[in-house]
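Enquirer: Pasting in a structure now, in structure tokens, and then I'll have a few things to ask.
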């Protein structure tokens, strides 16, 4: 049911396990399956927010870890919140900071209470507890927030994964309690952990379902395991999550990962891949990956994809993109990032339309055929 | 007289030595006094060409040295020329490559014939002669081209400056001859040299005037000498250049340099300062220079200038710009570059209007008062 003053999710069509729908927040709708561009430090790297919006993105992600370090959550709140600060007026989802604390911060000390760490920038000390993570996300004004969790790397031993999964469940309860004071309309998601161990994943999903969250994230995947293991874990977890709630696969992934996960019933994604790879000249396209550093583009006057709705893919020659990337010009990073975010949005728009038309399997097969066919041979000039 | 198929210059108003006018090229008009954004490597760093155009820039500059190295003049020509390659449809002016060979290249060897050097990027060997420089600028398709000259640093001894000035005059003749085969409508400018020695400057200006160029550049200034010396050299040269032809002061300068030089009758400028300083967070504004690295902006919710026509100056808080510059986000460089190019264009638009209204001295005084008043005190939040 849609509550215009609150957070809700409506599934509008199904095709196998895949589904398309609409998340409603007070700041606007999110069409699912949705890819969320990553706005780590209150900016989607190399993009103007109006470009991001024009690509069809309904929601962006902000990183609690980075924002608590610079400029600081209290500072953002004093400046009117993250929407006002960064200029993105639609819904914003924030992570809990846990993943970056584990991957970036130094001198970490993890206890039942939370984690203390030193900033990777200047060594200053911080503490992140479930309560502080929720407080920070509240100060940022995030529309969709994440419980604090612990995310272990894979492969790992059962004892480590089990201990971490149980800790994350206790932190889910504390996060939920801390979230109760926040304004109506915001949503807190629980995060399924359990590494690559099916029974731990199921235990986590069931326990979180009992806590009754408005949405469920699947965390701790795409951390080094094969894609098959990732998809198997999603399939293991899905039957134990409420069907009527949104399912968010955190930090994933390649276009192929997205196609696979949508087929399993995932509704939301985020990943740095389109922006990070774009900065370094690797484009995602209907014809697969294209590396603009490659000399084969040097004399090619054609755009990457004249049929694209994205000006960056349509109005600039491959030779020019190659030149900009080779000379390390900012505009090269800007254009390939733009191309990639456009491709990810188009991929999700295609998925939504295909699910609504009951032909998602055909759509996924056609998209994969395009990648397999590969990029067209360069034209000589 | 305006020849729609060719190159011409019409002075539309005068105010003291200052003048405002219109250069006509087959690719469009250039309103003077004009500031030309620098597009070193076929891109104005951090800007989309449509943004540059929207700021009111009529012409951009391309660098022969950089473009001959990467992607190469023959490559650009094969791809349809620099306008097609970089997406700037209006007039383009190119320098001769001489200045960058002297400041960037390695293993230089200068002879009467020209200069051989090694690329600063990969050490590969090149030769630049007056004929090759003009050939390259022709391959790029530049609308306004520069003779090859030798530019010496200041201070320097008379013998060195004199030798270099005379060499540049011989190269002017060779450049002019080489230019004769180029399509109608393009223009070649001679370049006045002579360091900081008045009689050499006058000799150079007279000799070039005798050669009858469609425009005259003043080179070899803003290379380390005080602003007063620069302005004195311009005043020394001006009476010896044809009044009816455009006067271009190369590589200059600060907003104050521009105000001073316009008063002397300079019509065209280029400088990397708005783009280079912008990348590092230093903005030019009606209130003087603003360094966004400075902590005083950290909590300031106000835009840099709400009255600006530039969205970057109007729609983003100082706190956000500070955050982006401190975190070295691309968007910070993009926004402050945009602010600076807008400011330079606005400064020239104001100069044109003031000259037309016969109040240029008042205009310059008002602008300088604004800088002297300085930036408004930060607001506490």
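Residue numbers in this text run from 1 along the chain shown.
Placement of Cβ uses the backbone N, Cα and C atoms for every residue, glycine included.
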Enquirer: For the substrate site that TrEMBL lists with B:95, B:96, B:97, B:98, B:99, B:193, B:220, give the additional residue from the candidates B:50, B:149, B:267, B:270.
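Expert: Record source TrEMBL; matching candidate: B:149.
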Enquirer: Looking at B:237-243, B:244-250, B:251-257, I want to know which stretch TrEMBL calls region 'RNA binding'.
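Expert: That would be B:251-257, per the region 'RNA binding' entry in TrEMBL.
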Enquirer: Give the range, chosen from B:230-234, B:260-264, B:275-279, B:280-284, that TrEMBL lists as region 'RNA binding'.
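Expert: The range carrying the region 'RNA binding' annotation in TrEMBL is B:275-279.
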Enquirer: Please list, in sequence order, every residue of the chain apart from B:95, B:96, B:97, B:98, B:99, B:149, B:193, B:220 whose Cβ lies within 8 Å of the Cβ centroid of the substrate site.
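Expert: What remains near the Cβ centre is B:102, B:146, B:147, B:148, B:150, B:151, B:168, B:191, B:219, B:250.
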Enquirer: If you run through the region 'RNA binding' (B:251-257) with DSSP, how many residues end up as helix, strand and coil?
Expert: 3 helix, 0 strand, 4 coil
Enquirer: Could you round the CA separation between residue B:98 (substrate binding site) and residue B:270 (active site, nucleophile) to a whole angstrom and send it over?
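Expert: Rounded to a whole number, the Cα-Cα distance is 16 Å.
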Enquirer: So, by DSSP, how many helix, strand and coil residues make up the region 'RNA binding' (B:275-279)?
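Expert: Summed by class, the stretch gives 5 helix, 0 strand, 0 coil.
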Enquirer: To the nearest whole angstrom, state the Cα distance for the pair residue B:149 (substrate binding site) and residue B:95 (active site, proton acceptor).
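Expert: With the alpha carbons as reference points, the distance is 10 Å.
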Enquirer: Considering Cα atoms only, can you say which of B:193, B:220, B:270 is the nearest neighbour of residue B:95 (active site, proton acceptor) among these recorded positions?
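Expert: That would be B:270, nearest by Cα distance.
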Enquirer: Of the residues named as substrate binders, B:95, B:96, B:97, B:98, B:99, B:149, B:193, B:220, how far apart in Å are the Cα atoms of the most distant pair?
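Expert: Taking every pair of listed residues, the largest Cα separation comes to 15 Å.
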Enquirer: Among the binding-site residues listed here (B:97, B:149, B:220), identify the one with the smallest other-Cβ count within 10 Å.
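Expert: Result for the binding-site residues B:97, B:149, B:220: minimum number of other Cβ atoms within 10 Å at B:97.
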